[in-house]
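**Q** Please read through the structure below; I'll follow up with questions.
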Amino acid sequence: MSIALKQVFNKDKTFRPKRKFEPGTQRFELHKRAQASLNSGVDLKAAVQLPSGEDQNDWVAVHVVDFFNRINLIYGTICEFCTERTCPVMSGGPKYEYRWQDDHKYKKPTALPAPQYMNLLMDWIEVQINNEDIFPTCVGVPFPKNFLQICKKILCRLFRVFVHVYIHHFDRVIVMGAEAHVNTCYKHFYYFVTEMNLIDRKELEPLVSVTVQQSHLGHPQELSHLSQYTTRQMEGFC
């Protein structure tokens, strides 16, 4: 990471405290292995593939936590420009509105300003990844049977942060000279969720043009069918 990017992406800008892996654990070793692949310049498509002999749930857990940290960092750099005045609705342009729903205060999909949605989202994810019953850290403790379903919800909602940042705040990202970092993070995220089949293709629709323009993530003809879906509100759980 360049000096300029280090100045932009620093710990004081993180929207939420980073979740770390305990040294000596299998997940810590997988995390180091994944980071080493990224830092070595290995093709991102190859870097996200499940290593031979490794457990899929461990691999997904490592990436969910890593993406949570990275996307926190990205949103933290622009959150002062994402206010109830500038972003009265959590959206991705005029076609997509994301409504919040949980098992507590918001029983039904509820329209919220973007910063309030982001706070609820990050709080909700923190609860999931800090729950030992969902993301166990002790060797030999199994993942719950619905682990991948929980991760799909987490990743689907994290994708919405990318949507909002790209469509409503990317001018600030460019001003800070951080577009290369954000683009790389998005490509890494996209390759991972599609490789592991963790987000429905319909949910990726808002950033189809970004996806194609950025990096040949898919042939335009291969992805163009996604734009044929009608405008709709993207509500509640994924």
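Glycine is no exception: its Cβ is also placed from the backbone N, Cα and C atoms.
Note that TrEMBL annotation is computational and uncurated.
Remember, predicted model here, so these are calculated numbers, not experimental data.
According to TrEMBL, the record shows the following:
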- C82, C87, H164, H169: Zn(2+) binding site (BINDING)
**Q** Which residues, in sequence order, are found in the same chain with Cβ within 8 Å of the centroid defined by the Cβ atoms of C82, C87, H164, H169 at the Zn(2+) site, excluding those residues themselves?
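**A** So the additional residues around the site are I78, F81, T86, A114, P115, M118, V165, H168.
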**Q** Which residues in the same chain, at least 6 apart in sequence, have a Cβ under 8 Å from the Cβ of H164 (Zn(2+) binding site)?
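**A** When sequence neighbours closer than 6 are ignored, H164 (Zn(2+) binding site) has C82, C87, M90, S91, G92, A114, M118 within Cβ distance under 8 Å.
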**Q** Cβ distance under 8 Å to H169 (Zn(2+) binding site), same chain, sequence separation 6 or more: which residues?
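**A** When sequence neighbours closer than 6 are ignored, H169 (Zn(2+) binding site) has I78, F81, C82 within Cβ distance under 8 Å.
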